[in-house]
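Quick notes on the structure that follows.
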Amino acid sequence: AEPIRVLVTGAAGQIAYSLLYSIAKGDVFGKEQPLILVLLDITPMMTVLEGVVMELQDCALPLLREVISTDKEEVAFKDLDIAILVGSMPRREGMERKDLLKANVKIFKSQGAALDKYAKKTVKIVVVGNPANTNCLIASKSAPSIPKENFSCLTRLDHNRAKSQIALKLGVTANDVKNVIIWGNHSSTQYPDVNHAKVNVKGKEVGVYEAIKDDSWLKGDFILTVQQRGAAVIKARKLSSAMSAAKAICDHVRDIWFGTPVGEFVSMGVISDGNSYGVPEDLLYSFPVVIKDKTWKFVEGLPINDFSREKMDLTAKELTEEKETAVEFLSSA
């Protein structure tokens, strides 16, 4: 097989450190698929990145044909099959969300333009760096020759968190839980929805509400725990979620590559155009999707109750505001 070119940005950071080994050993694109890994970071991080390259070499991985480390976009984005955009400006103490957006618009405008100019038109782009939804939208708007559908952002970590909270509550494995949904923004307004989720209890598939029999927990603490899990990890670990984020990125990209299992759907931030759930157009919003032949489709026809409607609208409102702010910066960036 021809090697595929996979870019990871922010490659000297801690999420990438957990992610690169999994990709390079075949967990994402399969055990037969050779890879060229392209690692991009900012100039001050190049020495650290050299150490990461040495370690990848020292893993002696049979699928890894080449590792390219660079601080230049024209090198990093050339002929890509997949771009995993992890690097972004992190929120510093005392920083307004507006300042964060402004700094990131600059980064993702530039990376979008580089994708447009150098990458394959079939490239699949996954944005991880926060604010992920809006960063992804900006990158897409800055790469007009690449289909909007090729851009997605990571809400799989939230999806996995929701699955595991249900599993822990019921004493089953995360694999026994399917079809949870994350609606909206990868922020504390996201809505983890288990109205359509199923769980396998003692060989029988039942709805999550029926299995748990505790509506106030499902509408209260469960949602809050998932929404605020990232902050809880930072508080405990003094660092942000890296291991779980890397695992979620692997899950997300593997599903794009190989498709979703029959009868199951996953959550992904994708362009909202043409959705049937009343979410405004031109937002990068997390929906339930199924994937086949590297193409995602909305899961259609799920009934939405009033409780869900309110939560879905709230996160859409936040995304609309974020978009408006970002687009303002975009014209001046």
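Note that Cβ sites are derived from N, Cα and C of the backbone, with glycine treated the same way.
Feature annotations, reproduced from TrEMBL:
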type	residues	note
ACT_SITE	His186	active site, proton acceptor
BINDING	Asp41, Asn104, Val128, Gly129, Asn130	NAD(+) binding site
BINDING	Arg91, Arg97, Asn130, Arg161	substrate binding site
DOMAIN	5-151	domain 'Lactate/malate dehydrogenase N-terminal'
DOMAIN	155-329	domain 'Lactate/malate dehydrogenase C-terminal'
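Over all protein chains present, the Cβ of Arg91 (substrate binding site) has 15 other Cβ atoms lying within 10 Å. Close to Arg97 (substrate binding site), meaning Cα to Cα within 10 A, are none of the recorded positions out of Asp41, Val128, Gly129, His186.
Nearest Cα neighbour of Arg91 (substrate binding site) among the listed binding-site residues (Asp41, Val128, Gly129): Gly129. Annotated pair His186 (active site, proton acceptor) and Asn130 (NAD(+) binding site), C-alpha to C-alpha distance, rounded: 8 Å. The recorded positions examined here are Arg97, Arg161, His186; by Cβ neighbour count within 10 Å, the least packed of them is Arg97.
Asn104 (NAD(+) binding site): 24 other CB atoms within 10 A of its CB, across all protein chains. Cβ neighbour counts within 10 Å, taken over all protein chains shown, single out Val128 as the most crowded of the binding-site residues Asp41, Val128, Gly129, Asn130. The two recorded residues Asp41 (NAD(+) binding site) and Arg161 (substrate binding site) have their Cα atoms spaced 28 Å from each other. Cα-Cα distance from Arg161 (substrate binding site) to Val128 (NAD(+) binding site): 16 Å (rounded to the nearest whole number). Here the domain 'Lactate/malate dehydrogenase C-terminal' (155-329) has a mean pLDDT of 97 out of 100. Across the domain 'Lactate/malate dehydrogenase N-terminal' (5-151), the DSSP tally of helix, strand and coil residues reads 66 helix, 27 strand, 54 coil.
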